[in-house]
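Peer 1: Below are the features listed in Swiss-Prot for this protein:
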REGION    1-33  region 'Disordered'
COMPBIAS  1-10  compositional bias 'Basic residues'
COMPBIAS  13-30  compositional bias 'Basic and acidic residues'
DOMAIN    26-85  domain 'TRAM'
BINDING   Cys98, Cys104, Cys107, Cys183  [4Fe-4S] cluster binding site
BINDING   Gln294, Phe323, Asn328, Glu344, Asp371, Asp388  S-adenosyl-L-methionine binding site
ACT_SITE  Cys414  active site, nucleophile
REGION    455-475  region 'Disordered'
COMPBIAS  457-475  compositional bias 'Basic and acidic residues'
Amino acid sequence: MAMLGKRRPPRTANERVRRERGSATRRDDATADGLSIERLAHDGRGVARDPHGKTVFVDQALPGERVRVAVHRQRKRFDEAHVVERLATSPERATPPCAYYGRCGGCDLQHLDLEAQREHKRRTLDELFTRQGLTLPEIEVLAGEGLAYRRRARLGVKCDAEGTPHLGFRARGSEHLIDIDSCVVLEPVLSRLIAPLRACLVQLEAPRRVGHIELIATAEGACVVVRQLREVPGDEARWRRFAAEHDVTLAWRVGREAPTLRWLHAPRGEALHVTLVLDDTTLSLGCVPGDFLQINADVNARLVRTALAWLAPRGEERVLDLFAGVGNFTLALAPRVASITGIEGSPAMVERLADNARRAGLHQVGAQQSDLATQVPEVAAVDWVIMDPPRGGAEALCRALADSPVTTLLYVSCDPAALARDAARLVQGGYRIQRAALADMFPHTAHLESMLLLTRDTPRGRSTSVEREDHGQGP
């Protein structure tokens, strides 16, 4: 978001590095012969030890490489460093496909071969479960293209001292903006809008009133959502012209405290749609800007298809889909089971889930609103539970499920550490991990999506609606 009131030009990544490193940067004579990179940390940085045994995290260094480094941040237990000279190069090193890589903070693994990235993520998932005393079965890797995969992104906007607007992504670990003209991981329909959007910002009466710009690729084409901190009538007309000229849908999200969505160039029915391609059908999911959508449409479809294959429904199961969103798993599973109820915290998304089910003719779908951070739903009459919680996981839900009669659980997670923690609680409750998958939803980053199938033969007990003891806190 724009930092209002700051009267200075946005720093480039190089300026930021010089400022941060400044007096903190040092070259130890003891490391003149270089450090050997032993492994990758979970966040993708190389891990070495200096001659004194202190751990050093090295940006963009790979296992097997020997590097001379400069330390730019010293901590009590470890140092953080960057490469000054590479003395030996890993065969897994790749040429980054992006001209902005190393400055832009959007990607952090473009210097590593794509297959090696996936192996690193597989090891990360396995290590996190080992720390919990758990052994995973063979991890299936679900992967698609490495570039042009991202169907949603948020671009920062900032004006310099002269009032010139800049558009791009933040530098890694910083609020400083990296100006870009394109992005190789965005779907092309979105990437080619970046330069025209910057040109439009330059023409605005009040570009400082734009906080950020969100881009979404939908069945209707590209959608642009402008975070407008305050209405500017003249700029509204300019954005309308931009939408018409570039054949995009466009909305303002206006206001500071509780911004409202207002369409300036609306899709038919003021609803967008994304498609979910399954083996035997293609589903259309209605959504609006702000609804949760998986970033990678192709890998999301692979994830859902894998879930259906693992579960192998016979048409008689009663299913609960928690954190259901607009129906990603709910609608895919509905024709194959006796009944399925999607539960979601957002009332608006619950309405869209119900509408999506009606449009698809799926009468066995129920949609309910519930704050799953504070309330565990009734599961006594349920055979299967599916859940795809936010990054913090679902610790309270897993405690309740461990003592419930549910025998089959499909758990999708965007945080492998939270998944490992929750899986340990479920295993204590008698579940067994039957299948595991890594979904490479975010190629060229250290982020990973994962999925488990857990089953047990004998239920632990009867379940009722259970209030969390720490009422009011998130999962």
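Glycine is no exception: its Cβ is also placed from the backbone N, Cα and C atoms.
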Peer 1: Please name which of the binding-site residues listed here, Cys104, Cys107, Cys183, is nearest in space to Asp371 (S-adenosyl-L-methionine binding site), Cα against Cα.
Peer 2: Cys107
Peer 1: How big is the gap, in Å, between the Cα of the residue listed as 'active site, nucleophile' and that of Cys107 ([4Fe-4S] cluster binding site), rounded to a whole number?
Peer 2: 17
Peer 1: List every residue in the same chain as Cys183 ([4Fe-4S] cluster binding site), at least 6 positions away in sequence, whose Cβ is under 8 Å from its Cβ.
Peer 2: Cys98, Gly106, Arg150, Ala153, Phe169, Leu190, Ser191, Ile194
Peer 1: Would you count the other C-beta atoms found within 10 angstroms of the C-beta of Asp371 (S-adenosyl-L-methionine binding site) for me?
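Peer 2: Looking across every protein chain shown, the total is 13.
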Peer 1: List the Cα distance (Å, whole number) between Asn328 (S-adenosyl-L-methionine binding site) and Cys104 ([4Fe-4S] cluster binding site).
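Peer 2: With distance taken Cα to Cα, Cys104 ([4Fe-4S] cluster binding site) is 31 Å from Asn328 (S-adenosyl-L-methionine binding site).
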Peer 1: Using all protein chains in view, find how many other C-beta atoms are within 10 Å of the C-beta of the residue listed as 'active site, nucleophile'.
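Peer 2: A 10 Å sphere around the Cβ of the residue listed as 'active site, nucleophile' contains 21 other Cβ atoms.
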Peer 1: If H, G and I count as helix, E and B as strand, and all else as coil, what does DSSP give for Cys98 ([4Fe-4S] cluster binding site)?
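Peer 2: In three-state terms, Cys98 ([4Fe-4S] cluster binding site) counts as coil.
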Peer 1: Can you give me the residues near the recorded [4Fe-4S] cluster site, meaning same chain, not Cys98, Cys104, Cys107, Cys183 themselves, Cβ no more than 8 Å from the center of the site's Cβ atoms?
Peer 2: Tyr100, Tyr101, Gly106, Gln110, Phe169, Ile180, Val184, Val185, His444
